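These notes are about the structure you will find just below.
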Amino acid sequence: MISNSINVTPNKESKMYVVKRDGTKENVSFDKITSRISFLCEMEPKLNSDIVDPIEVAQKVVSGVFPGVKTTELDNLAAETAAYMSTRHPDYGILAARISVSNLHKQTSKSFVETVKKQYEFINPKSNLLAPLVSKELYEIVMKHGERLESVIDYYRDFDYDFFGFKTLERSYLHRINGKIVERPQHMLMRVSIGIHGEDLESAINTYKRLSEKLFTHATPTLFNAGTPSPQMSSCFLVQMKEDSIDGIYDTLKQCALISKSAGGIGIAVHKIRAAQSYIRGTNGTSNGLVPMLRVFNDTARYVDQGGGKRKGAFAVYLEPWHADVFEFIDLKKNTGKEEMRARDLFYALWVSDIFMERVEQNGDWALFCPNEAPGLAETHSEEHRALYLKYEATPDLPRRVIKAQELWFAIMESQVETGTPFILYKDACNAKSNQKNLGTISSSNLCTEIIQYTSPDEIAVCNLASIALPKFVRQKVGSTDPKEKEFDHQFLFEITKLITVNLNVIIDRNYYPVAEAKTSNLRHRPIGIGIQGLADVFIKMRMPFDSVAAAKLNVEIAETIYFAALTASHELAIRDGTYESFKGSPASKGILQFDMWNVTPSSRWNWAELKDNIVNKGGLRNSLLIAPMPTASTSQILGNNECFEPYTSNIYSRRVLAGEFTIVNKQLLEDLMELGIWSPEMKNQIVAARGSIQSIGGIPDDLKELYKTVWEIRQRTLIDMAADRGAFIDQSQSFNVFIAEPTFAKLTSMHFYSWKKGLKTGMYYLRTRPAADAIQFTVDPIVSQTPKPVENNINSTTPLKTPTKTPNSSNRISTSPTNNLTSPIRFNITQQQQQQQQQQQQQNNNEDDLANYDGMTCRREEGCLVCGS
């Protein structure tokens, strides 16, 4: 443990001793270890003394001690011991965090001023040159206002993080000098707040207070870089190829490298790059097409990581399905095939038009073109795009190939089943329902598919992000004495959303831009992106099953409140500072807001008529775009919430940190089962055996089974409906994952067409599937393990959940026979027994049962049909 849990008098004959921070040796004292743990248990809020046993924790710690263990190592051992016991009760997880935080506090200064000074005066030991970790501006502000800033920092709030949230901060977010952490979490939050607001001390302090209360969080690049010498605080960059030439391609490549170096994720539109075998006038040669070029981008993403090794570089590449290289494009991430035709470190997305979806549905023809020979397709959308496509399609000898649209469609499905990609976004919906439609045709989204912004060769779109911790807005119902009776505080959400809007707007002006084109775009259009995390936790707290009518209603109400608040704040900023440069001509300037573009009427909770009038006649807006629910992969782990707007994927899972793997139980479920008196190691093992589900476990009440459904037990139609419902109040888009346990082409087709017809902009971010056999199983009791069922794949505590890789087998591989084309339906090569197994599995998957058969396509109803599943 730490120094005050060690005997004061050294004893050379002692079998166990520790090495203190000053190098001296002292005996291990069981009593003092116990006393130290007891002290941390008694901190407010006190841990449940009937559950948490300091003596047992101390016994386990002592059993792992070795002679010469360092006090910091002893603390880490104690924290890990408590974390392993968190499946008994969440309070053990809190204890683990308290031990870890206490350990960090003993290794770092409690003075923010001293910490900043140390970072500013850091000298690189290898070069012997000054290498400040914080900016001169931050240093001068802290030196000038140090006493005031110190007075508002509440270090006690460091203890509010759970063990895994704290470990995520410790691993990547807190500043280090020579490998040793020098920041506390509260130091980081104050650094970020001052980095955003500078000399505006009151705004900085208010931001710090709200961040430390865990009401919201800024995005990872902001937490990384705010207050540093190069404060690149933006998350998302959207790049368009400068031009289809060597100069244009390599200029774009350099831009991507500079952005990635500064911790930005990138979306690249490559529609304008000529297809393979296209004529090159300058050399009288032919083009190699997209694949060799993208392999160069792939190597750049690998080489130039984000923030100096904190995160890998990440590029998403967007292509429209009329491009002649589209078949090679969608295969680039596959695990099999020629290596020179693969670029697996990039992410791939299709920018899909309505006319393509219609042709697939009708089993019609689809023409593929080279953009050099059929110009303008990437620069148009909706009816203009349709007219141009039809014109080119009817031009003799212009199409490179004419295929059946379903041939390309099923190649897309095959790639999605194997790799989880390509992402699917609907080009016409993205353009038709954008407040930037006055600027021109939007040609791509970003890395995570939630940012929809205009780009051009001279403008790289940028977006600054933050997410709201929704569980913090659930409170006890006013007037009720029942602590379980909850309500959602929309007024408080309104106030915090306004604060976030102001913060993100300030970042636009104070940000460091790695390339000039990004600064040009961001200052002209001033878009921001506000997201959410913990929606599933809100529903559980309010005792609303995720697929209930009440949850569907609250889902829309939350989205409406956030949109109204962000618009209100942006309008108030416009009154003070003026509208953004390109406001004139935008839909908002004409009184058309996002829900109008969806033909949705908002509720009467907020005064929309007054707000519209204010925007049109009394000041406009400061920001062109405002709402963009993102994945929140890392930041939701820091704050201890479920990701973004998604249901839980499992009620029990494994989380890996540097110290090892830990079993995690949904803490709210655990508390409910403990209250009923039915939580036990046997119950835990039953949940493990059921792969994180409680639906088949006897003794658990039906209302809890409804409340704790996992995403695999919720109909995919419900998730799409909820995405569309809140979509009317999302002026960018949302990182919408699709969950199908055992995907078939029929299920995927049904899901995609349902999403498209519901009007979603992002039809699919990742396809999340469930492996038939999971890679890692927990140990279960022999009685339970007689009929073992593996649990969910491990989730790394600092990275998003990865889609399990699936290699096509005989049940989902397309035949390579020349006769197997889309003039007649493609067949699975499956046996009758395999087909029966698939049908049985299909019936078992509740989340797909109403989407499994799509009869909108032309189909002969032949045995093994991919479309209808017959």
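Cβ from N, Cα, C; glycine included.
It should be emphasised that the depicted structure is a prediction, and the values quoted were computed from it without experimental measurement.
Note: Swiss-Prot links Cys463 through a disulfide bond to Cys236 (candidates: Cys236, Cys256, Cys859, Cys865).
Matching Ser235, Ser245, Ser260, Ser262 to the GDP binding residues that Swiss-Prot gives (Asn446, Glu450, Thr632, Ala633, Ser634, Thr635) identifies Ser235. When the Cα positions of Ser235, Asn446, Glu450, Thr632, Ala633, Ser634, Thr635 are compared pair by pair, the longest gap among these GDP-binding residues is 19 Å. Most Cβ neighbours within 10 Å among the binding-site residues Ser634, Thr635: this distinction goes to Thr635. Neighbour counts were taken as the number of other C-beta atoms within 10 angstroms of each residue's C-beta; across the recorded positions Ser235, Asn446, Thr632, the minimum falls on Ser235.
On the 0 to 100 pLDDT scale, the domain 'ATP-cone' (16-110) averages 89 in the predicted structure. According to its DSSP assignment, Ser235 (GDP binding site) is coil. Secondary structure of the domain 'ATP-cone' (16-110), assigned with DSSP and counted as helix (H, G, I), strand (E, B) and coil, comes to 57 helix, 9 strand, 29 coil. Neighbour list (Cys463 (site 'Important for hydrogen atom transfer'), Cβ cut-off 8 Å, at least 6 residues apart, same chain): Ser234, Ser235, Cys236, Asn446, Ile451, Gln453, Pro527, Ile528, Gly529, Leu625, Ala628, Gln732.
The two recorded residues Thr635 (GDP binding site) and Glu450 (active site, proton acceptor) have their Cα atoms spaced 16 Å from each other.
Nearest neighbour of Glu450 (active site, proton acceptor) by Cα distance, taken over the recorded positions Thr632, Ala633, Tyr765: Tyr765. A 10 Å radius around the C-alpha of Cys448 (active site, cysteine radical intermediate) takes in these recorded positions out of Ala633, Ser634, Tyr765, Tyr766, in sequence order: Tyr765, Tyr766.
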